[in-house]
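As recorded in TrEMBL, the features of this protein are as follows:
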{"type": "DOMAIN", "residues": "A:6-249", "note": "domain 'Thiazole synthase ThiG'"}
{"type": "ACT_SITE", "residues": "A:97", "note": "active site, schiff-base intermediate with DXP"}
{"type": "BINDING", "residues": "A:158, A:184, A:185, A:206, A:207", "note": "1-deoxy-D-xylulose 5-phosphate binding site"}
């Protein structure tokens with residue numbers, strides 16, 4: 001299985017993990033370990049620099065694991081850029097998952113503000129991974145703005161509905177010059193495998209693992225499914241026949 | 001404004017339509033992926049009571065999907081019990097001859113430190129309505145005093161004008177809790193005979209003013225016990241639906257404070273009041289699950305008004321935030337523990353014990369879920 005490269009960093013695992021929603025820090029830590037992930041997102045809003053009662057970061061000190069702070073809570077580019085700078089300081093990384101959702105109900109990403117913030121953050125030296133709609137044009141614009149990857153959603157975040165945007169994801173994957181990470185909505189290992197078979201470079205999973213009855217076991221399942229999907233992609237899936245061969249072929253007159 | 005929608009409804013008609021819901025209506029509501037206000041009516045109707053276990057199971061699943069296995073922790077901090085209103089159910093009512101207390105700067109800081117020391121990072125500042133002493137300048141000052149200590153600050157104070165909310169938001173205010181108490185105009189007037197609060201419409205339009213001011217979060221609810229809770233909660237859900245569509249950048253939470261007997265210290269005697277429309281535990285569970293099945297993104301909050309056993313069991317059923325170790329009197333944590341409480345606390349366990357209780361159920365108590373960065 002080929003390694004994944006984003007902004008000069010190499011990943012053996014193509015499964016990224018979200019760290020919210022777990023029933024305990026121990027369950028989160030166990031899931032991270034079981035998943036074999038090398039990149040875990042952490043919400044800036046959950047980080048307590050005074051290490052008060054929430055001690056999230058202490059459970060994410062694992063060898064080979066990089067942290068990807070996100071700007072969840074930002075409603076516009078200005079807030080996101082400010083949050084990014086604080087996150088860079090708090091986590092000592094210039095990697096950033098850019099999330100701008102002015103809509104707190106469905107957490108829909110704001111395309112205009114995301115593009116604006118990506119331009120600004122790339123200029124400031126950040127490695128930007130923006131969470132976006134599965135919008136092929138936006139992906140190309142983000143590329144021009146200097147994004148390190150794109151993270152289109154498979155379906156609304158937290159819904160576990162799978163790849164509802166599949167037709168658009170296929171176009172994005174076909175056109176993209178930067179890695180495509182399918183984010184949000186991946187509800188089952190089969191969804192992750194499907195995204196990888198399509199040619200996505202990685203998937204990001206949170207709810208499906210965190211809210212399962214056995215997060216560590218589910219993380220293992222996602223690890224295997226993500227790898228299986230990728231291997232299938234690299235091995236090239238055989239084509240599928242959509243119709244039976246007609247007994248009176250249209251080209252029979254040529255013989 | 002919500003008023004235009006509200007005025008299209010008639011209280012009695014709504015009550016009748018809720019009571020007319022049948023088992024078949026409930027079953028259809030339960031079978032749906034997306035539920036509307038008619039489904040909500042079915043789920044809060046007496047016809048839904050036999051389906052309580054099924055509702056609880058669905059509610060738990062939906063809540064875990066959206067919020068994970070987490071419960072957010074917050075603590076109230078009372079700044080003042082001065083009040084110019086008469087509210088028949090409230091210990092701070094103007095006609096109660098109690099010792100009034102408003103915290104000064106040093107006292108606010110002492111209390112804030114005490115709350116912080118319990119582990120809290122989200123705080124709710126509470127006052128009565130006394131615009132001379134506890135008006136917008138006082139509140140803005142209080143926000144300035146505590147904002148370096150807490151990531152997330154809410155208030156539960158008198159309704160304000162839009163520009164006043166804007167002032168407080170600029171000082172770091174995150175959310176405002178403003179309960180309608182009851183959506184039945186006549187009953188509202190009986191319980192709020194005097195003071196600025198007697199203006200039903202001004203209160204009803206408060207969430208509109210908050211939405212226009214661009215607040216991050218609005219807490220809605222009714223005081224359960226003043227009126228038929230089913231009808232009141234239907235109007236809360238109607239209000240919520242309107243607000244979500246109109247102020248789509250704001251998030252919403254709902255509380256369901258059940259009225260409890262208040263203790264009024266008049267010449268050393270304690271008076272307990274009883275309310276006719278008391279809601280039992282089963283009905284409160286029904287309501288919590290109904291709100292969740294109606295709106296999967298809605299935050300649902302449970303205070304220490306409820307008793308320990310009930311709170312322990314309600315954790316996985318749909319709520320998303322809890323308070324613990326609360327004091328409902330100004331200075332209650334350290335400065336002046338003897339002042340009169342607004343209402344009696346039923347669950348007096350410390351935040352540490354509540355956090356353990358939550359963890360034992362496989363849930364993570366979350367203390368910090370906001371950052372000052374996001375103004």
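Positions of Cβ are set from backbone N, Cα and C atoms, glycine also.
Unlike curated entries, TrEMBL annotations are predicted automatically.
The model shown is predicted, which means the values in this text are computed figures rather than measured ones.
Here the binding-site residues are A:184, A:206; the one with the fewest Cβ atoms within 10 Å of its Cβ is A:206. In sequence order, the recorded positions near chain B (CB to CB under 8 A) are A:207, out of A:97, A:184, A:185, A:207. In this structure the C-alpha atoms belonging to residue A:206 (1-deoxy-D-xylulose 5-phosphate binding site) and the residue listed as 'active site, schiff-base intermediate with DXP' are separated by 14 Å. Note: the 1-deoxy-D-xylulose 5-phosphate site is recorded as A:158, A:184, A:185, A:206, A:207; in the same chain, A:18, A:156, A:157, A:159, A:160, A:183, A:186, A:187, A:205, A:208 also have Cβ atoms within 8 Å of that site's Cβ centroid.
A straight line from the CA of residue A:185 (1-deoxy-D-xylulose 5-phosphate binding site) to the CA of the residue listed as 'active site, schiff-base intermediate with DXP' spans 17 Å. Remark: residue A:158 (1-deoxy-D-xylulose 5-phosphate binding site) has A:107, A:184, A:207 as non-local neighbours, by Cβ distance under 8 Å and separation of at least 6 in sequence. For the residue listed as 'active site, schiff-base intermediate with DXP', the same-chain residues lying six or more positions away in sequence with a CB closer than 8 A to its CB are A:41, A:68, A:69, A:70, A:71, A:129, A:130, A:131, A:151. Here the Cβ of residue A:207 (1-deoxy-D-xylulose 5-phosphate binding site) has 23 other Cβ atoms within 10 Å, regardless of which shown protein chain they belong to. Look at residue A:185 (1-deoxy-D-xylulose 5-phosphate binding site): DSSP puts it in coil. Secondary structure at residue A:158 (1-deoxy-D-xylulose 5-phosphate binding site), taken from DSSP and collapsed to helix, strand or coil, is coil.
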